Amino acid sequence: MDGQREVFVFEGDEGSITIISRLHGYHLLPANHLEFPCVACNYVRLIFIYINAVLSGLALSIIAFGALSRFDVDAQHLFYFNRVVACVWIGRPLLFMRGMTAILVLSTSLVELDQVHGVATLIGNRRSILEIALFAGESTWVVYVLNDLFLPFTTYLSSLSGPLSSASTFIIVGAIEISKPFQIETTISRTCTFKTLQSGVVCTSGTVSVGSFTRVCILVAAQLSCVFISHAISRVINRYLKYPHRPPEATQHIAIPAAADAYFRTVRGTTYNLDNVACVMSGIIPAFGYVLDVKLWILLETPTSKSASGVVNRGAIETKPAFVGIIATPSPKRIQRVWSALGFVYICLSITSSYAFLRLTEATMTNDFWWASFDLNNTQAFLCNWFNTQLSINSDSVSLYLNDLGRALLVLTQNTTDSNVRVAPAYVYLIQDEINSLPNVISALRNMNGCDVPWIFTAYCFVDFGKTWELASSRARQARCHQRYASNGAVYLEPIFRNNHQLSICWGKAWEIAILAALRESNDGIAWLNKTLSAQLSIGDETMFWQDHGIISYTTQWLNFKLLGLIENLDIINALGSSYPLTLKKTNGTLQLSKQTSYKMHWGLAGDLTAISSNESTLNNLSLVRQASNFAFQNVSIEDQHVANLTLQTPLSVGMTLLRAKLGPFGSIDMYRVPMPMSLLELYQNLKKTLAVLLATSLDAQLEFWSLYKSVIVSSKPTEWDGVSFWGGDPMCPEQASPQIQGQVFFSSQGSCAVNIFESIVLEAEASFYALIATGIAFNLTGITSIEATCNCARNLLKSMKSYIEHHITSQDEMKAIYATAQHIRAFDVHVQLFQYISRDNLHISLSTPGLFDDMDFEFFAWVMLFEWVRGLREVVTFQGDIGSLTLLSTRYSMMMTPAEGMEVPLNLTLYVHHLVQYFTIVLLYVAIIVLLYCIHSRGYIQGLNLFSFNRVAGLVWLGRPLVFVRGVTAIILLSTASLELRRPHAGLVAFLDAPPVDAIKTIFSAGEATWLAYILNDVFSLITQEYTTSYSFMSSLLLWVAAAVLSFLSPVNHSVDIGRVCTVEAVDSQCVCRSGIVRIGNSERFVSLILYAIASCLLSYAFERIRFRRIKPHDESPSLFLYAAARYQFRHDGWEYMGVYFMDRASAVLNGILSLTFKGHHYVFDIKTWRLYIYPVEAPYTGQPNHLCHALPLPG
């Protein structure tokens, strides 16, 4: 019923049989943490931190201002802190997000995983009353936002309806959560689709609803209802109040935001007075006789009274005198309209440029690498395969380039999509000696579970670094320890004593008997134990301690009773310096005791301790220390113990007897991985580069190679094995029951003894190309008698490949150099043997171990096998016993194929940024449309020069500095990011990442968009630059544009690649994690440089203007507080003031955030900066008033 067995019915002509299958174990599928989305939550958390930081900072500021004014403030204003401060200083979008987050939490079930008596269940819990109150209160931010949106129409009633709507929302939301909290819902329903008959099916078997969208809608609807109903109730209640709220008789001061105007009590009159605290809450900072309006970003003088401390005590703001007596100078009608037309053309070009930039960079903003053309199906898999290849053939840290043709990869399919990552199975074993550096081992020992320490596979020789107490099971092995292994830290127990004190948790009794008891027999042993167990050195000092005792490495032994685990990543770094990992390999260390065959060689400390603690063992209660009186191997050998517990079968088979005679007694045979010669790696790199460059640059070479691009499986043997029968090829397995005509499979880290499995050689086109060159092009193919006679396809492949090499490799010097290197490796650097039990008469079995290069006719296949070792498809292990040794080549492992994990490619940040840029462009487009409509309505009577400040003014007013900053930084990121495109040139046989030339159009557009950053700097520092802002701002943006474009053309950003393993060993001889490569697709130094360019362009332009015009007549006080700082300094004001009244054409007013309508004798003016609606009567035109002012909007001071 639980899917661990199957039932089959076999039906024949005579009847049927129903049988049940064997038990199948569960297939353990690790949970993928990438399927748990959390990136958006991290961004929301950062927004929450920002909101809380701003509110906390303002609260402290308010306390400080209150203290400076001796708390002469209106305390009632503080009750509206959130309503006023949040909307003025933070903004509605972030507040809405905060409130909606609380609603989402309340619409999500509170689920916990619980375990009772080994049974795991998901339990839905209820929130506490305190938690409900907290989230219900946070959800009222949505109500605050809604109330603030409606303030232009509900101002005088907001102080009634606002608190009422918030209170009712709090009660209703809390009541819903208390009465009926949402509980997790599950549905089981299998829906399957076939991908292909071979690849199986894809099924969706159910849904788990941890949250409810319906509940979200209910809570939002409740908040909307509370807002509208509260306003209706407030209207009714207001009628019956003793002092009802009434609309103000006069429009309040235009610097006051809508929230402050609605909720603050003020003194009515010609002067609008607010205390310091209320000013700060309203976005107006008073100090030293000035006020800084952060909404308008202007600094104004104001009448003040000073306290004894000299700090402003009252932040009073007065309206300006009504008349100043300035007379407008009319502009010629035709010139005015020409400038208007040109200004609107500029706006159209700006919008077009913005849209073009959006489309040009659309491909770039598809991943958080900012890597254009990064294809999840192809580029990711290629990148992982490229790194896996380079890590296999480079032992040292190197810096490379992805567009190096010499490192192009041959594809495995003619399909345009290849998402498989190829992983060499033996790679994890080949790098063990490298990753087990002394600091890594020390750190891992300190963090390891003590129960796992004895499973570190090594044969211990000594207890201490001083070699006082010995541990070898035989005299011969103890002598071998002194001669060969003295510098290997893995043969000492002292590292465990010094760095892991938890071993006794699982192995206490056996550990005491095997080691500790013998040490406690002497005063020296007790003193050593006390000193060693109390050692607490840093990792660096501990490493030096080991080295001072002659320890230079920590080399564990080869094994096949467990699979070693490796998690290996590469990091992609973008222009912001953010690093994102991609998985190259991912395996977990796993015991496979049922498959092991290596125990008979020796079984390690875990086997010894198990035997010592077992009552049925001959080693029970005996010591492993040679100096102990109860030394375990005084009268028996370790081989006898192997026989006793059936690790070794007796009588020994013929094969095992032959191997014992060759190596020595079982149980004391060491197995070490043989490091790969550097010369072999360099030879393989040169051969691979030769083929890659040839195929990447020649269409003919690709087309001809396609016909050879195949694999042929052959069984080949040295001439020494001609005419013999084969009885087995694994030294850890006995001979087979019957002879075979072909060589049998070699040993493997996968374990198990194979029966009647041939040791085959896979002739791939790539490997054949390398092996033929290494063997020598003059190699006589007709002399390959070792290929089975029936396999003409292999011989034909080699003949065709030889012809291919002769035709396309024309450099004889290069060929001779490679051949000379290969022959040197053959003669001096590689001493590897093959292993077979053979018989020439099928009666007498012998052990045959010919050298890999002993037979000239077998040399070609020897090179094929060696190159498979380089690729991580084979291993070389040396078996060292008390009598002799063998250095053997393993069987060939199949390359593992895993699909690239597309979920590792981050898509969040750029997705949000792309939508923000889209929103940015759309808003500016709509502003431009409104400007056009006002231009038409005004019949061209506008200040056309103002339209050339469209981006500077409209961008900052309508979108705000944060969005403008995002827009500018986006362009700078693009200018700081290299371009790489995956290419499969010619016939598509090889693939590589190509760096295309700089895209001139994209670069110019991006450099132009970078000037948004200059706009922000101009705006921010306008408080300092004042009247110089008008003249230097254009120069600074132009300078930045030119500098960014020129830098990008003259010194384009290039990617860089670093290859080198930086590993952390989590468990020695079991699991490690490596960061093995870095791809810098973005240049953070260029990013910072362009930011500095923006700052420098502003500073240089400002300095130039200061030198050029040492004295510029300061701007008079702003003609109107309706004007944002950018409009004040960028707009042309001459000709637009008449009889003390400042006029602004309605198109320019739109840029400044003012929407206006004249209706029934009144001007209706809505200012988005303060979110207020102003209504004032239309005055009759003055005598001689210019015509262009008749179409303009008069603005109060």
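Using N, Cα and C of the backbone, Cβ positions are placed for all residues, glycine too.
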With the ranges 131-155, 856-880, 956-980 to choose from, which does TrEMBL describe as transmembrane segment?
956-980
Quick one: do the transmembrane segment (338-358) and the transmembrane segment (1087-1104) reach 3+ CB pairs under 8 Å, ignoring pairs fewer than 6 apart in sequence?
no
Should anything in the same chain at least six residues away from the transmembrane segment (1087-1104) have a Cβ under 8 Å from its Cβ atoms, list it; otherwise answer none.
575-577, 968, 972-973, 975-976, 1010, 1013-1014, 1017-1018, 1021, 1025, 1028, 1032-1033, 1035-1037, 1039-1040, 1043-1044, 1047
Take the transmembrane segment (916-936) and find every residue of the same chain, 6 or more past its ends, with a Cβ under 8 Å from one of its Cβ atoms.
340, 344, 347-348, 350-351, 354-355, 358, 365, 942, 947, 950-951, 954-955, 958-959, 963, 966-967, 970, 1145-1147, 1149-1151, 1155
